[in-house]
Every structure is written in C-alpha cells, then in structure tokens.
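Q: Reproduced below are the annotations present in TrEMBL:
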TRANSMEM  20-39  transmembrane segment
DOMAIN    83-227  domain 'Flavodoxin-like'
BINDING   89-94, 141-144, 176-185, ASP211  FMN binding site
DOMAIN    282-524  domain 'FAD-binding FR-type'
BINDING   ARG301, THR538, SER599, ARG600, LYS605, LYS606, TYR607, VAL608, THR609, ASP642  NADP(+) binding site
BINDING   ARG457, TYR458, TYR459, SER460, THR475, ALA476, VAL477, TYR481, GLY491, VAL492, ALA493, THR494, TRP680  FAD binding site
Amino acid sequence: MENSEGVKIESTVVTEEPLISALDIALFVVIITVAYFWYFKRDKQSSSSEKKPYTIQPSSLSSIEQTSNSSFIKKLKSTGRSLVVFYGSQTGTAEEFAGRIAKEGARYKMKGMVADPEECDMADLVEMKEIQKSLAIFCIATYGEGDPTDNAMDFYEWLQNGDADLEGLNYAVFGLGNKTYEHYNEIAIYIDQRLEELGATRVHEIGLGDDDANIEDDFVSWKEKLWESVCSHYGIEETGEESNIRQYKLVDCSEVLPERIFSGEISRLKSYENQRFPFDVKNPYLSKIAVNRELHKSGNRSCMHIEFDIDGSKMRYDTGDHVAVYPKNSSELVDKIGELLNADLDAVFSLLNTDEESSKKHPFPCPCTYRTALTYYLDITSNPRTHIMKELIEYASDPKDQEKLKLMASSTPEGKKEFHEWILRDNRNIVHILEDLPSVKPDLDHLCELLPRLQCRYYSISSSPKVYPKSIHITAVLVNYTTPTNRVNKGVATNLLAQLIPTNDELPQPTIPIYIRRSQFRLPPKSQTPIIMIGPGTGLAPFRGFIQERDYARKEGREIGEMVLYFGCRKKDEDFIYENELQEYVANGTLTKLHLAFSRDQPEKKYVTHLLEQNADELWNIIGEKSGHLYVCGDARSMAKDVHSITVKVVMEKGQMTNSQALNYVKKMEQQKRYSADVWS
C-alpha cells in the first residue's frame, strides 16, 4: 500500500509539477532585470555621448550640478540676459577685456555675463537664437606658434571638428596677438571665419589687438565701433548711463578663523602645506632652489643659472618645455601702497561677485589680507589700462588730478597721446600714479578689484630630463632699468629669484611655486637628423637641453646628426654664458660647429644673423640637402625676423627657386616642424 501510495504520490508529482520552478522564475527575473538596466544605461550613455561630444564641466560638482553649470544658455534665460562674452586668455588680458564689455552692455540695455569656454557646453551656441536680441562676443588670444589658449583649446577643436548649425547666432570677435610673431591673431581670425561658415551672423568686423604696440588703444577703438554696430543691428540706443558699477562687494572677514584664510595659494587652501600631484597652473609645486649661480663673468648685468629641485614630485618634463614660475611683488612696493592710502594691510577681507549667477565668485582667492592680495595675487608693476584711469576719477579731490585722469581715460587723440606719454612712455605703474597724483585716494578694496591678476612667468627649460631627471634648469637675466621719471623698475620674478640663494647648512632651503607647460619646441624624433640652433643670449637656454640630450645619446653609443649652434652676446669676457660647457661639447664631437658673435668686441657690431648669412652653404646643406631642422630662440622683434628673411633668401639662391617658391618651402618646413621658433618680444 505504501508502495502503491508512494507510486501514486510520485506519479502526481511527475504529472502536475511545472517545468520551471518558482525559484527558477525568480532567478530568471533578476537576471533579466540586471541585463535590462545594464544594457539601456550603457545605451543611454552612448547616445548622450554621441549627441553632446563637447562638454567641459567642473570636476568638483555632482553630475546634475555639472550639467546645470555648464549651460550658459540656462543662466542667460533664468537671469534675463542677452549678452555673453567668452574669453580665451593665457595671461588674463582677454578675461579683463571680456569683463569690460559685459559691464558696458548695461548702457545698451543688454545685460551681460562673462563666460570661460572651458567651463561651458559650447554646443549650446545653437540655442542662442532662442534669446531675443542676443549677442555672443569672443575675446580670444593667440599664443605660441599660433596656438589657442589652454582654456579655449576644447572650443577651438569643437569648431574644427563639428558642423553645428549656428544660424541665428549673432557674434563679434576681438583678437589679442602680437605682430612680432608670425601667427598674428591666428586663432581669433579662424574663430571669426569659422562661426560665419557655420551660419552665424557677424554683427561687427573682427578687431585685431597688437600687444607689441598698444593693445589697449586697439581694444578701446574697436569697442567703441562695436557698440555703434550693435545699436544699428538691433535698433537700440545708448542709455547714457555710466558703467562704473562695482562688480564685487566688500565683505569684512575679520572674524574668519586663521586656518580658513588664504596666504598666497593659487587655488586650493593650504595647498603649499599639503602638496598633491598632479601639479599644474592651479596647483603649482613648491620647489626648492637647489642651485643659483651667476653666469656673467663681469660687467654690470646679471644672468642667473637656477636649478629647481623636483625630486619626489612625480613631475616630468621634456627637452624644450617651459617652466612657469609664480612670483610675488616686493614688500617695498606693497608697503608703499598701504602708506599712500593710509590702509591697514593686515585686515582680512573678501570680494564677492555681485552677480550671483557668475561662476567666478572672487577675483582672486578669498578671504585673505590686503597684504597677501597685493603681494601674491595682483599686478602692481605693469602699466594700468585706461579703464582704471576712469575708475580713479571719483577718488581725486584735486580738480587738476581729476582732469588729468579724465583726459587719459578718454578716447580723444589728445587723451590717447597723454596716456601714451604719461603712462606708457614714462612707464608708470599704480604706485607711481598714486605718488604723482597725491589727491587720488581710492578705496583699497576697489583698487584690488581693478588691478589685473599677477601672472606666472615662463622660462625655457635649459636642461634635459635624460641628464637631469630630478631637476629643472633655467637661464634668466636679472631685469632692472631706470624709467624716464628716474625710478628704478625691477622685474618681479627675476628679482625674487635673485634673492633665493640656497645655503649649505641645515636651514630650510628657499622655495618657489612652479609647474611645467608643454611645448612644441622639440628635437627631431631621430637622433641622426642634423639640426641648426640659433640662440643669442638667453636664447641659448633650450639648446643647452638639446645638446645635453644628444650628448647623452652619443655616450649611449647611438649615432647623432650634425649639431650647429649660433650663439652671440656682447663681450666674450663678460657674458659668454656656459662657455666651458659649450667648448667641451665641441671637443667631444657632440657639437659639430659653434659659431660665435660678440657684438661689442670690435668697432663694428657683429650678430649671429651676420654669421648665418656668411654660412649660406652650410645652412642650405642641412635644411635643403639633408632635410635637417632649424631652430630659433630669442628676440622676436628683430633677430627672429632677420633669421626668417635670411633663410628664405638662402633657399631661393641655393635651391634655385623663385621668391614665392622659397617662401612656400620655408612654410612647409614650419608645417613639418622642421623650422621651429621659441621667441619673445
């Protein structure tokens, strides 16, 4: 019975049990659910990536906050604005110009905002047409060999690679460049043309500012005509209201705890006490000065060889790169401002942006003391621009001082002449102005708002990481000169560096904040490729690194190509820097030829360009017959231009080409990176 009952029961189980159990179903549902979410989340992300290839967002925000903050369109709409001014800035000038334009927009019933393209989703430009009477203005600098600034790089690439429909976008462009450089305002010109190609409407012709002449004058002249075009295009009139409205408001921070006060850090509070890799423009490395020695043998000038210790920093550099040095203003000048304005420099304050929607809450790290701001964050040694003259008028109690400031702030021929002579020619900085116009007593917080940011200084690295992986070398001339008003102006960075002398005892070694900026100034990939280097004075700096690298390769047993160096200085016995090193490289065969020009060792001045002309056969042999590389480093205004002219002439004569063919040949060398220049004006 049990057996039959047992069989019966077994039979019931076989015939009535489902093929898949409840547990199997549950597991199946879980697997399907996980697969569903995984697949569609990935698909959604992929789709989103395809639709928005260009999105730059602050790393410290959540994804929702990032999307919101990167949309300048949302900010414009939510705050009733119609004007946005983007800036591509390497030294702060373009950002300053952008701020001035946005501020003046109020006079034309166009409420404006300033925007950093690196922090915006520039694809949103297609939506500008949704805002009535909207206008986008671009203040764009070009630096290096026709490169965009770091913060405009992604926008530049987006324009190059994208095909957005920008019909309905109204725009204008002002470029900041330098005519001594070959690629004068190249980035601004490209952006101006590319926006039009994509369907946007140019409201006003492009402005080209020349920093080698008077970029302030160029900007003011363009800006005045810009507003005329804007009024005509939109059918609006100037309200006549002055735009001297404070962008930042003063906040008393006397109760802030000491550990919350900035003391010179560039971005992150206490970053010099707690260093974190990676190191960059906003997070420099506090490097010890390992070596600081004089290179000149005699004379009244000074040239320093300085070595920055980067051991343990994880920093890496390539031969030809630049190192950025963050300087600080002299305590003498800072104290002078406090004395002239009868101000307490140790008071703790903050400047807070009155525009709550602005991504830039403070003009520099706040809170801090006035002493810290004037020492580390503000440029008090350059020539102030005309808008500062205008803002100072209200603080002048003497009618004569008032009239002088009004004249220099005006755009009349007389005003421009006065500004050029009194400010630029006589080389006055803000301290000199306050001294020479004694009735002008601006509020110190307003002055801190007006002054531009103190910028880091770039130096060509004069060492090779193959030979010196734990240190960075630079070669810097001490800058000191007397102005027409018999004042002695001193270079901010070099005079600071001159004081940072390492000691042999156990005292803490002097330090300075630095970071590495990548360069396109590179040796050929193949060590056998012949090269010619032209670098008078401190133009020798990157070539010292080039020579070290080739010497290292030679000692490893690798074949190296010809290395020809043209070096020049005033007098052999005074300023022939690195003489012993260079002679040693000639002796061991690393340097094939060393052409020397000492301009003042004979009655008739002789320069490296004279020697280059004399050695036309050698020049053509290397760049023409052997497809070698030509490098130039130093003065852009005359030397580099002369080298270019001589090269074209030699190519034309030795290569039996027409002038047009020779120009194209040299142009092709530049495109192939066979003709490279690292120059300054």
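Quick reminder: no glycine exception, Cβ is built from N, Cα and C everywhere.
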Q: Which residue counts does DSSP give the domain 'Flavodoxin-like' (83-227) for helix, strand and coil?
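A: The breakdown for the domain 'Flavodoxin-like' (83-227) reads 65 helix, 35 strand, 45 coil.
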Q: Inside 10 Å of the Cβ of TRP680 (FAD binding site), count up the other Cβ atoms and send me the figure.
A: 16
Q: Nearest to TRP680 (FAD binding site) by Cα distance: which of the binding-site residues SER89, GLY144, TYR184 is it?
A: GLY144
Q: Determine the mean pLDDT over the domain 'Flavodoxin-like' (83-227), rounding to the nearest whole number.
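A: When the pLDDT values over the domain 'Flavodoxin-like' (83-227) are averaged, the result is 94.
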Q: Could you check which of the binding-site residues VAL477, GLY491, ALA493 is the closest Cα neighbour of ARG301 (NADP(+) binding site)?
A: VAL477
Q: If you measure TYR184 (FMN binding site) to THR609 (NADP(+) binding site) at Cα, how many Å is it?
A: 23
Q: Between SER89 (FMN binding site) and ARG457 (FAD binding site), find the distance joining the two CA atoms and give it rounded to the nearest Å.
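A: Between the Cα atoms of SER89 (FMN binding site) and ARG457 (FAD binding site), the distance comes to 15 Å.
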Q: Specify the nearest of the binding-site residues TYR459, THR475, VAL477, SER599, THR609 to GLY92 (FMN binding site), where nearness means the distance between Cα atoms.
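A: Comparing Cα positions, the candidate nearest GLY92 (FMN binding site) turns out to be TYR459.
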Q: So for GLY491 (FAD binding site), how many other CB atoms are inside 10 Å of its CB?
A: 18
Q: Within a 10 Å radius around the Cβ, which one of these binding-site residues has the most neighbouring Cβ atoms: ARG301, ARG457, LYS605?
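A: Checking each of ARG301, ARG457, LYS605, the winner is ARG457.
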Q: Would you identify which of the binding-site residues ALA141, VAL477, ALA493 has the most other C-beta atoms lying within 10 angstroms of its C-beta?
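A: Counting Cβ neighbours within 10 Å, the top one is ALA141.
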